[in-house]
2 protein chains.
Amino acid sequence: MSAYRALTEAEAIDYARQIPDLFQKDSELTSREIGDGNLNLVFHISEPSTGKSIILKQALPYAKVVGESWPLTLDRARIESEALMIQESLCPDLVPHVHAYEPELALTVMQDLSDHVIMRRGLMERNKYPLFASHIGTFLARTLFYTSDLGMNQQDKKEQVKRFINPELCKITEDLIFDDPYTDSPNNNVPPAIRDAVEAVWKDTELHLEVAILREKFLTQAQALIHGDLHTGSIFIKPDSTKVIDPEFAYYGPMGFDIGAVLANLLLNYAAQEGWSPDAASRQDYRNYLTQTIRDIWKKFDSEFRALWDEHGVDRMSKTPGYQDLYMKRLLQDTFGYAGCKIVRRVHGLAQVADINKLEDEAAKERAQRIALAIGTTLIKSHRKAESIEQMIEIAEKNVS
Amino acid sequence: MSAYRALTEAEAIDYARQIPDLFQKDSELTSREIGDGNLNLVFHISEPSTGKSIILKQALPYAKVVGESWPLTLDRARIESEALMIQESLCPDLVPHVHAYEPELALTVMQDLSDHVIMRRGLMERNKYPLFASHIGTFLARTLFYTSDLGMNQQDKKEQVKRFINPELCKITEDLIFDDPYTDSPNNNVPPAIRDAVEAVWKDTELHLEVAILREKFLTQAQALIHGDLHTGSIFIKPDSTKVIDPEFAYYGPMGFDIGAVLANLLLNYAAQEGWSPDAASRQDYRNYLTQTIRDIWKKFDSEFRALWDEHGVDRMSKTPGYQDLYMKRLLQDTFGYAGCKIVRRVHGLAQVADINKLEDEAAKERAQRIALAIGTTLIKSHRKAESIEQMIEIAEKNVS
């Protein structure tokens with residue numbers, strides 16, 4: 001990594017110019033740095049004469065979160081670009097295309113998605129995306145099946161596990177999701193209005209036991225190459241297109257962590273409708289859209305994963321009667337548990353979500369936080385008993401009625 | 001590996017002579033090749049003038065089993081030597097000391113254990129080893145605890161998982177233990193006398209479901225650095241000393257696979273007492289010794305593992321009330337399941353055991369095979385319900401009465 005340097009905008013343009021078959025020779029290119037500067041530089045390079053554009057994403061050798069800064073491996077750029085390429089090979093339309101990856105600069109050149117919006121913002125604006133459930137269900141089914149021992153050569157899979165060992169980024173998850181929210185840690189960011197509810201979480205050893213079980217699985221289960229950070233801020237969307245981005249947390253972990261992340265972020269928005277919806281009827285309408293989306297995602301994932309298994313399963317023993325049903329039930333249970341963990345950490349952990357935090361009405365924000373915390377802790381506590389996605393929807397609905 | 005060549009005895013002596021601080025300068029050394037030639041060359045180098053001796057173990061680039069030969073990675077010599085060194089750092093008295101490891105030659109120089117015997121032979125001779133349960137219980141507790149997320153830095157553990165990715169040797173286990181015995185595979189070696197019982201195994205889908213679950217865990221659960229082949233042929237023993245050898249199958253897998261392997265091989269000998277014991281009273285006596293050893297191993301493992309956890313646990317969340325009990329129960333259940341799989345494959349799989357196969361009385365051999373198969377399949381089928389090591393002993397006793 002000795003040749004690494006953070007690019008200037010001029011250098012980014014020079015780099016983009018060298019990429020074959022992209023821009024016209026000697027044409028004018030413009031650059032705009034659109035990253036938040038906390039983890040990565042993101043250059044939007046465009047060619048006004050043709051309207052073509054491209055993204056250069058360069059990892060920075062540190063992370064900044066809420067004012068603090070710590071060193072962070074540049075190897076995450078390799079992991080991100082390799083994960084994107086694997087995902088593209090499995091679901092060509094559901095991730096940005098990678099044009100090039102430059103290891104020395106920790107630089108990935110990829111498709112510009114400026115015509116999409118970040119899904120979190122789309123949900124805060126109460127947009128509906130009727131194709132999203134099918135898109136993300138397919139993304140989950142294909143990326144998780146084909147990178148697991150069910151869908152790929154089991155010896156090649158072990159080499160892939162090795163390539164995606166990702167200690168530094170896993171450590172962030174292990175601390176911020178599976179530890180800090182359950183104790184009075186300085187990393188938490190406790191909203192004063194709900195301190196009583198947060199303190200109850202810190203004392204709830206029945207809850208901690210379930211979190212310990214989910215944490216163990218996150219630490220040990222090399223089940224599939226998961227995205228590792230699949231919240232609605234990692235999804236670019238427009239009505240006819242869904243693109244999953246930013247898999248720098250990718251590693252071999254439990255499938256339910258990815259599925260749970262998607263559903264958790266829908267449920268966080270569900271809770272936040274306390275403040276976004278202008279009236280009770282529209283609130284109910286949008287919440288119904290969100291719960292229907294949760295149902296549709298699971299159903300699409302479940303049916304497509306089973307179909308892949310039946311048609312493309314590589315493991316003779318996995319065809320044993322009863323095994324697939326048991327496996328899918330365990331995935332559902334993991335999904336409940338991880339969805340719960342992903343919700344809880346967004347209420348009073350270090351990194352929270354705009355769905356809730358951008359609410360201006362303090363009473364609505366407090367209601368949203370309490371609802372989210374109740375849904376999250378209930379999902380965690382019930383995860384080993386879950387039998388159907390309908391139970392997740394019931395838990396959500398019960399906590400707003 | 002371009003410099004690799006299989007050593008001659010003269011070359012082995014030359015190599016041994018160069019090892020610092022071992023043999024006297026210019027003294028006469030003798031070499032005897034004592035390997036079985038199927039996987040490794042094993043040179044016993046001794047210095048008659050002092051009585052000092054040493055073992056040079058060199059991996060061959062192929063494996064031979066029952067007449068067949070296939071290429072096999074020399075990287076297993078690195079894995080074996082590195083695993084031995086980790087084990088020695090955790091249990092100095094329970095593995096041979098490694099003097100040196102030579103990557104280019106796939107050669108490990110280690111302590112000579114000629115004053116010990118292979119435990120399988122010791123058991124066939126109906127010897128008792130009163131210290132064995134304590135020794136192996138300690139070996140299991142310390143090697144499994146300190147290489148897991150409970151006992152070592154969780155980011156260092158991920159790097160260690162990477163170092164011990166072991167696709168080729170895991171493939172042998174996946175096929176010969178978790179697949180072939182449950183179908184009419186050409187890799188099986190079915191004793192004609194018990195063909196009816198073996199065919200029942202091939203048809204038993206309830207059994208296959210439990211094997212599929214255990215296979216999945218073997219494929220995905222990076223719980224601890226396990227030995228991976230811990231049968232009584234991998235243990236050198238004498239009354240006051242136990243040494244675990246040959247960890248070339250080492251990788252990050254489920255702890256219960258190692259614990260189950262030890263108990264399975266005691267149970268195979270238990271079944272084989274149909275032929276080894278001269279009369280009913282001595283048979284009962286030796287079987288009582290074996291079941292007491294099984295009980296003592298689990299108890300020692302359980303108490304020492306819990307003590308390490310309480311005193312040296314690195315994970316705050318693992319201190320959650322109730323978690324340790326649940327974890328130990330799951331380990332016990334895995335132990336039942338893997339013990340069962342290890343027994344079944346030794347009855348009609350490719351690689352069998354001398355305990356049974358060396359029996360000369362065909363009727364006794366058949367009884368031993370049927371008993372072993374009944375114990376093995378019962379352990380597999382009951383593994384998810386196991387609550388106590390006493391249940392394993394009851395299963396054994398029920399199948400010989």
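These residue numbers are counts, starting from 1, taken along the chain as shown.
For all residues, glycine too, the Cβ spot is worked out from N, Cα and C.
TrEMBL annotations:
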type    : residues                                       : note
DOMAIN  : B:32-267                                       : domain 'Aminoglycoside phosphotransferase'
BINDING : B:Asn40, B:Lys57, B:Asp246, B:Pro247, B:Glu248 : ATP binding site
BINDING : B:Asp229, B:Arg345                             : substrate binding site
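Residue with the densest Cβ environment among the binding-site residues B:Asp229, B:Asp246, B:Glu248: B:Glu248, by other Cβ atoms within 10 Å.
Close to B:Pro247 (ATP binding site) in the fold, though at least 6 residues off in sequence, lie B:Ile79, B:Glu80, B:Ala83, B:Leu84, B:Gln87, B:His227, B:Gly228, B:Asp229, B:Ser234, each with a CB less than 8 Å from its CB. Mean pLDDT, taken over the domain 'Aminoglycoside phosphotransferase' (B:32-267), works out to 96 on the 0 to 100 scale.
Residues B:Asn40, B:Lys57, B:Asp246, B:Pro247, B:Glu248, recorded as binding ATP, reach a greatest CA to CA spacing of 13 Å. When the alpha carbons of B:Asp246 (ATP binding site) and B:Arg345 (substrate binding site) are compared, the span between them is 20 angstrom. Listed in sequence order, B:Gly35, B:Asn40, B:Leu41, B:Val42, B:Phe43, B:Ala77, B:Glu80, B:Leu107, B:Thr108, B:Val109, B:Met110 are the same-chain residues six or more apart from B:Lys57 (ATP binding site) with CB atoms under 8 A from its CB. The residues near the ATP site, meaning same-chain residues not in B:Asn40, B:Lys57, B:Asp246, B:Pro247, B:Glu248 whose C-beta sits within 8 angstroms of the mean position of the site's C-beta atoms, are B:Leu39, B:Ala59, B:Arg76, B:Ala77, B:Glu80, B:Thr108, B:Ile245, in sequence order.
When other Cβ atoms within 10 Å of the Cβ of B:Arg345 (substrate binding site) are tallied across all protein chains shown, the result is 24. DSSP classifies B:Arg345 (substrate binding site) as helix under the three-state reduction. Other C-beta atoms found within 10 angstroms of the C-beta of B:Asn40 (ATP binding site) number 20, with every protein chain shown included. In this structure, the C-alpha atom of B:Glu248 (ATP binding site) lies 19 angstrom from that of B:Arg345 (substrate binding site).
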